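Okay, so here's the structure we're looking at.
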Amino acid sequence: MMISPLSSVVISLLFTTTFSAPTALPITSPNAFPITELADSNLAPEDHLITKRQYSGNTYNQLTDGTACRPISVIYARGTNQAGNVGDPAAVGPIFFNNLASKVGGTSVLAIQGVTYAANVFGFLAGGDPAGSNTMANLVASTATRCPSTKIVLAGYSQGSQVVHNAAQKLSTANAARIAAVVNWGDPKFGQSLGAIDPIRTWAICHAGDNICDGGIIITAAHTNYQQDAPLAATFVANNV
């Protein structure tokens, strides 16, 4: 696809301009801004869920860095423009990991693996980054082979949820059967298939007023505060592993 010089300038401005976070609003607020102007979707920094954060980084590769197999393997896809491969410590991913660790016996029980992919607006508009989707599917396949006893969990926020959906469609029947739980927050593909994964093991969390969950491209306040749902999501996963 050819991009005109003018379009290149506009795209450059969108990705180099810093936007301040809006004042916290009720999730039903009509205030919104275009997704292309979202510099960072971690707009709800308060972690009122767990006092001590064991997962305080933005990148985890415990399925690929030589870490021994653990009872539970979490493969997580971050949202558009989020840091590292799981988002910063105030993002949905790390808060979810901390809550899950507290429910299953600690961090030594979990292997956390972020999906390393571009996570840019173009991937979102394409329905989820294709390379990231392939990476997640390959991580499932390699983990299922290397760690035959581990319970595999898939999770994603925003564009990361698109990646989860796409990856699920690529899984063999045998590998889909290895998925113990799936959680998606702010899912642009809300209500769509997750391939051969048992639906009873899946949960998509969408807030009222979240335009992204309705198939739109507008970021409302309802899309930026899924951190508050991390404890319930962790309970759901803990009950399925």
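Each Cβ is built from the backbone N, Cα and C atoms, and glycine gets one as well.
According to TrEMBL, the feature active site, nucleophile maps to SER158. Under the heading active site, TrEMBL lists ASP210. Residues or ranges marked as active site, proton donor/acceptor by TrEMBL: HIS223. Summarising the annotation, TrEMBL assigns disulfide bond to CYS69-CYS147, CYS206-CYS213. Here TrEMBL flags 1-20 as signal peptide.
Here the disulfide-bonded residues are CYS69, CYS147, CYS206, CYS213, and the one whose Cβ sees the fewest other Cβ atoms within 10 Å is CYS69.
In this structure, the C-alpha atom of CYS147 (disulfide bond) lies 37 angstrom from that of the residue listed as 'active site'.
Among the recorded positions CYS69, SER158, HIS223, the ones whose Cα is located within 10 Å of the Cα of CYS213 (disulfide bond) are SER158, HIS223. A gap of 5 Å separates the Cα atoms of the residue listed as 'active site, proton donor/acceptor' and the residue listed as 'active site'.
Between the CA atoms of ASP210 (active site) and CYS69 (disulfide bond) there is a gap of 37 Å. The secondary structure of ASP210 (active site), as reduced to three states from DSSP, is coil rather than helix or strand.
There are 32 other CB atoms within 10 A of the CB of the residue listed as 'active site, nucleophile', with all protein chains counted. Cα of CYS69 (disulfide bond) to Cα of the residue listed as 'active site, nucleophile': a distance of 28 Å. The two recorded residues, SER158 (active site, nucleophile) and CYS206 (disulfide bond), have Cα atoms 10 Å apart.
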